[in-house]
Amino acid sequence: MAGCPQIHENEEYHKRLNEDSLMHTPEFVIKPRSHTVWEKQCVRLHCTISGWPEPRVVWYKNNVSIDPMAKPGKYKVESSYSVHSLEINKCDFDDTAQYRVSAMNSKGETSAFASVVVKTPCLEYGVKFETHIVEKFGVSFGREGETLSFGCSVIIYPSLQRFQPEIEWYRDNKLLVQSKWVQMHWSGDRATLTLSHLNKEDEGLYTLRVITKSGFETHSAYVFVRDADAEVAGAPGAPLDVQSLDANKDYVIVTWKQPAVDGGSPILGYFVDRCEVGMTHWFQCNDTPVKFARFPVTGLVEGRSYVFRVRAVNKVGMSHPSRVSEPVAAMDPADRTRKGTTRTTKQIHKNKTKTKQAVKYTVATKNYVVLSWKPPGDKGHEGVMYYVEKCVSGTDSWQRVNTEIPVKSPRFALFDLAEGKSYRFRVRCCNSAGVGEPSEPTEATTVGDKLDIPSAPGRVVPTRNTDTSVVVSWEASRAAKELVGYYIESSIAGRNTWEPCNNKPVKGTRFICHGLTTEESYVFRVRAVNAAGISDFSQESEAIKVKAAIGGGILHASPTPPYGITVLECVRDSMVLAWKQPTFIGGADITGYFIDYREVIGGVPGKWHEANIKSVSERVSELKENMLYQFQVRAANMAGVGIPSLPSETFKCEEWTIAVPGPPHDLQVQEVRKDSLVLLWKAPVYQGRDPVNGYYIDIKEAEADFEMWRGVNEKATNKTFMKVCIHVEEGESYVFRVRAQNKAGVGKASDPTEPVEAVTKPGTAEIVVNVDDDGVISLNFECSNLTADSKFVWSKNYKEMTEPERMTLETKGSKSKAIFKTPSEEDLGIYSCFVTHTDGASASYTLSEESETEFMISKLFHPSSPVIPLKTELAVELLEKGRVRFWLQAEKISANGKIEYVFNDNKYKMNFDKNTGVIEMFMESLGKEDEGTFTFQLQDGKATNQSSLVLIGDVFKQLQKESEFQKKEWIRKQGPHFVEYLGYEVTPECCVRLKCKVANMKKDSVALWYKDGREIKVNEKLDFSEGVLTLEITQISKKDAGIYEVVLKDDRGKDTSTLNLTDQGNTAEKGFKTNSSTQLKIQSTEEGIRLYTFVNYYNDELHVTWHHK
């Protein structure tokens, strides 16, 4: 039974050799790509399509076929071999559309899509767009195998006929692209996403992003995908997220995630199936189920591509197969990205070396162990393969594991090892010259699972969210390694009937469980997942009734109430409100606010009405003029919406007409020290009759009377921040307020801040300026009391630097730094850093012309340019087709680095990988004029360096000779060619077999045999599928001596191989003559002793001679 998969695979392979089997539906090798262009530009969509019979290709614009003759000069459709293109000339706005290319033959039809967006330059100036997403999609539920569509309507104002927004869809913050599983459509006013044939991989948070030049708007909702009904009741759900990793010549690691549903009984393991791309037959890779969600698949055919799927099994039955993985090719990883070829050598017999690096363990479980090593580092190791040997620890008896066939990949999976036993392993290289010395053995390892199943998660806390959902949070599994995520289950309290809340593992420790029944009480539990398995369940949570959090609030989960509601501006039908943020945000960032308002008539409050507000100050519209109103505010975070604030004072909705400004608002205190602090505020919403031209800051002790307010600054400041120096005893508490002024006078004061104690807290750090050896200047700040949600916020002159052009911001752990790119006078100012979710950790540093800082010292003591360090000097190597690559690698160079080269610069192409520092220059060939010195010049800011390579005389001639040889070899291999040239061997039957190995043959390729220039008619049909041509000569004699020749040819070219049997014929004849007789035997007879031997082949040229020593 072990040979059945190979038999099926062989049958499938030979079916493809038949013309009927070669027929298949069209497939896109390269799909067309979407483009965004300006008006009057040209755009070209192109794709590569395979299929037999040759497919008919049609292009469509918004599902209407394109006729190039209908608009001469507008469209140009071309097809060359398998490459098809559509060129659109002088694009205008009407060319903005979705384009489809359809390929059809007798076996079927397939399509691919691409979008073209034509931008109008005039729209970039003077137009501000308002985007509103309406008719929004909500939380959706689907089942495996179904098709699910959802979308939103989009309103953009002003509505310009020649403007279309960019529509993007995301799943779990990853941009989606068009595929056979995902289809996106934009009708002009509605964006729709269709998920065909749902799988659990499709579960996640989906976000629609509508982008205009004025910004973007988003809407998000979760999509849940439930398991399809099992073929056998009680069978587990299908695994998900199957991926192929660490692919090599004959080996690949397949990984997957365990399903949330086990069918009611534990999963016994998983079966991995593979299928060659282009074929339909699936082969099971493992005979017994494996529990580890990672499996090495061996025995692949080098050069072929495969897809994989996984099935789960329990005692009841088998699950549905997972969604298939992406195709992966069985080939050397270096061949995927190799840009050059290695040199060959004739001294193959010297290449019996050790492996480059010691053997190590990649994966170790109780079912198998995967070893890996690096191939030999020397060049000229084409055809190197490996033998793996094992030894039980404590002994020195090495046993070869793969005795019959060596492996091609530097990876090997060992099965059938005794669990609990300790082994060591080593590897030997082998090639045509023989078997090399063994590598250094591995450390002893005991067979067993090295990765433990995670521990159960900790305490589970449910929190109210909406009428049909609950927020569930939990404590993470302790010391969990390679954690994949968590599965959450729910049950109606008291029933013990558990249902999965998610079918795709989530990585956080908080999840919103949807689809619950309103007013029912639920309990929840959580499990952790990694490749080793699924943990035990956590303890059940307390029961919670599903009910909206609005109006109830969950203490210590949702935020506490805001307070201090004030009016910043009032017109006839609207008011701008402000309030102070909650003192406790509930352990998660505030995501928004809900504001309620009610009319007050005759001193009697009316019914509350709700409006959604997203910031700490916002305008409430559609109010009635001269009506009295009260307001209350709730804060919301991921855990829910908190309880409302106390009702505000009663405010009258009437237009303000006073001449002085309104009150500043949103006062914040930072950088609190024992003798100083920094006060920040926002400008008044109501400016008065004239613009605001300054501010006054007032201070008083927290417990002092109102009359004790006193000014801090005698002259008004035009900034919205001020450093306040406090000259009192340490530990005193103060409050502050701000007043704005214009030409008419000073306006109403802001609400006071909360009391601030003048004390330097333990652990307070300051910003430190550093100048490194390369003259790079940075500001550094460290915070010792970070929380999980803390972030470093850098500001210049107390305005946050979100995307600074002149600085680079880096944060690692508890340290953050702001690095100056090109320091100049433009960088002078006040730099501050504030750490969120801490007890006010903040500091600032002032860079000014007057201060003697390291900023100025660097200009004085680092005037010279530093040197760019190099990992490797300029080197040269040969690539395929005889191309020549000059390269070097810089150890450290920024993205702004520049590279120049000297020597025939108009002929070469330069590549610069800014991530690795590799700089390359390519030449198609070497001519006489290229002999000389090559120089790379590098510049990165003030740092410079250069490296040169001299190619003259014999060195240049040898390189030129090898380049020409490689080019000829590449041309030869484009058609049918010999991999191994014509040779001979003598068979045990005393036949001489002429044989050669060929490649790149196709159906109409022919092979002709010649002897001494005359064609030999071969009786049997030649078989190219095995890649070997043979010709047998039975009972060879001197008349068979001559020059034999094989010619391969087709429309792509020809190749020739010859064998001289004139000189070698005697050797061949002697070889089979030697093989024709058996060993000498002895027999006793009546006449005496008889010596004899048996002869397989005899002719008149053989002479019998007896010798006695």
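Cβ atoms here come from the backbone N, Cα and C positions, even for glycine.
Taken from TrEMBL, the feature domain 'Ig-like' applies to 26-117 (among others).
Marked as domain 'Ig-like' by TrEMBL: 144-224 (among others). Taking the domain 'Ig-like' (144-224) as a whole, pLDDT averages 88 in the prediction.
The domain 'Fibronectin type-III' annotation in TrEMBL covers 238-333 (among others). The DSSP breakdown of the domain 'Fibronectin type-III' (238-333) into helical (H, G, I), extended (E, B) and coil residues amounts to 1 helix, 41 strand, 54 coil.
If you look up TrEMBL, you'll see 355-449 (among others) marked as domain 'Fibronectin type-III'.
Sequence annotations record features per position, and here TrEMBL assigns domain 'Fibronectin type-III' to 456-549 (among others).
Summarising the annotation, TrEMBL assigns domain 'Fibronectin type-III' to 561-656 (among others).
Annotation source TrEMBL lists domain 'Fibronectin type-III' at 663-763 (among others).
The domain 'Ig-like' annotation in TrEMBL covers 762-848 (among others).
Under the heading domain 'Ig-like', TrEMBL lists 976-1062 (among others).
Across 26-117, 144-224, 976-1062, stretch 144-224 shows the highest tally of CB pairs under 8 A with the domain 'Fibronectin type-III' (238-333).
Taken through DSSP, the domain 'Ig-like' (762-848) splits into 3 helix, 42 strand, 42 coil.
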